[in-house]
Amino acid sequence: HLLQFRKMIKKMTGKEPIVSYAFYGCYCGKGGRGKPKDATDRCCFVHDCCYEKVTGCDPKWSYYTYSLENGDIVCGGDPYCTKVKCECDKKAAICFRDNLKTYKNRYMTFPDIFCTDPTEGC
């Protein structure tokens, strides 16, 4: 669920996800096209691809269970579909954390009209 994903990102990065990631680069937030602008944008590209592989439910609005154990995200024993979505969100939140040093404020509200490179496939 998007609210759970928001909490994961906040916990991993310390950043407010809606401000910092909802409109970042070419892939963070709704949709995506072109080539990811940097490592943070690539986190969103990979997250989009991960969601595309999950079929049979709506990854944005289905709830899953997870916990934080010693600072690590642990996805719960949900049915396959929701567990996989949790893993997608977990990987993205960790990716954001791992790429904090290269986060660029200039991509924070990047207009997608500048995402003109050929779109990569998953």
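Counting begins at 1 with the first residue displayed.
Glycine is no exception: its Cβ is also placed from the backbone N, Cα and C atoms.
Site annotation for Ca(2+) in Swiss-Prot covers Tyr27, Gly29, Gly31, and the matching candidate from Asp48, Asp72 is Asp48. For Cys44, the disulfide partner named by Swiss-Prot among Cys26, Cys28, Cys57 is Cys28. If you go by Swiss-Prot, Cys57 shares a disulfide bond with Cys81, out of Cys75, Cys81, Cys86, Cys88.
Between Cys122 and the candidates Cys49, Cys50, Cys75, Swiss-Prot records the disulphide pairing with Cys49. Counting other CB atoms no more than 10 Å from each candidate's CB, the disulfide-bonded residues Cys26, Cys57, Cys75 peak at Cys26.
If you take the CA of Cys49 (disulfide bond) and look 10 A around it, the disulfide-bonded residues you hit from Cys75, Cys81, Cys86, Cys88, Cys95 are Cys88. Calculated from their C-alpha atoms, the gap between Cys50 (disulfide bond) and Tyr27 (Ca(2+) binding site) amounts to 13 Å.
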